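Some features that Swiss-Prot has for this protein:
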DOMAIN    25-299  domain 'AB hydrolase-1'
ACT_SITE  100  active site, nucleophile
BINDING   149  epoxide binding site
ACT_SITE  227  active site, proton donor
ACT_SITE  292  active site, proton acceptor
């Protein structure tokens, strides 16, 4: 990874660790949970080789970026504020945006600041229009029960104890290799997930060690705080109820992705609802045999799918 440079940028009251490579039009990558800039290692090298400036920060609460202690510091407004400040510090006016659970924040970025986005490639997590009648957590509890993982992440200390009950490397092996497409309803926590006997070809012990070393140092609370701020973000986004995402968009999802199998999601994506809420949605790609972490699992295909879209602009 000798071509990847690392820096620390002051933005929005925090210090943000940023990995970047190349020069040219900027592509900003937003990682998911429980991940880091490192999840985009393949894309950074590929797009930088094609004449792009590829930028992948550790988001607030992750890796070598500051982690404010309060869950209320992890709303979409905070995260998008961090990213706008980052672009300002880097002297970048507009970016191509790419996200996974970063996808959640990428949708909000496009909702709040479409002027800063040339085009969007989002992976795994579809746009969810704000429902003014029910908060996200109440909706999840109603639909999937209290043992749904987002609900289990809410009480401070409980999820931390679950993730701390096995060594960090083992937890990453469990998490990154999940292939059960059913929504994670986990009465006994993520520690109850199966540990693979061997790693898949796309994931090395070195990769696991990188994630594990960072999270062993920081813990997982920063990541959990995104989930703990979901309802606060919902409250604060009331002015955007009914707003559309008006950015050219490509959406990519694996057919084994757990989010793709949430109740009603396939119907929303393929039945016209998604296109109504994202009117400049140009393409939906469903990748056969791929699960949630497709930017790592199917790196070459994802690289090509991203490039084929952004090169048009």
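Cβ atoms are placed via backbone N, Cα and C, with glycine included.
The DSSP secondary structure for the residue listed as 'active site, proton acceptor' is coil. In this structure the alpha carbons, written CA, of the residue listed as 'active site, proton acceptor' and residue 149 (epoxide binding site) are 15 Å apart. Of all the Cβ atoms in the protein chains shown, 18 others lie within 10 Å of the Cβ of the residue listed as 'epoxide binding site'. For residue 227 (active site, proton donor), the same-chain residues 6+ apart in sequence whose C-beta sits under 8 angstroms from its C-beta are 33, 150, 153, 154. The two recorded residues, residue 100 (active site, nucleophile) and residue 149 (epoxide binding site), have Cα atoms 17 Å apart. Model confidence over the domain 'AB hydrolase-1' (25-299) stands at 96, taken as the mean pLDDT rounded to a whole number. There are 28 other Cβ atoms within 10 Å of the Cβ belonging to the residue listed as 'active site, nucleophile'. The DSSP secondary structure for residue 149 (epoxide binding site) is helix. In this view, the residue listed as 'active site, proton acceptor' is surrounded by 25 other Cβ atoms within 10 Å of its Cβ, with every protein chain counted. DSSP assigns the residue listed as 'active site, nucleophile' to coil in the three-state reduction, outside any helix or strand. Secondary structure from DSSP puts residue 227 (active site, proton donor) in a helix.
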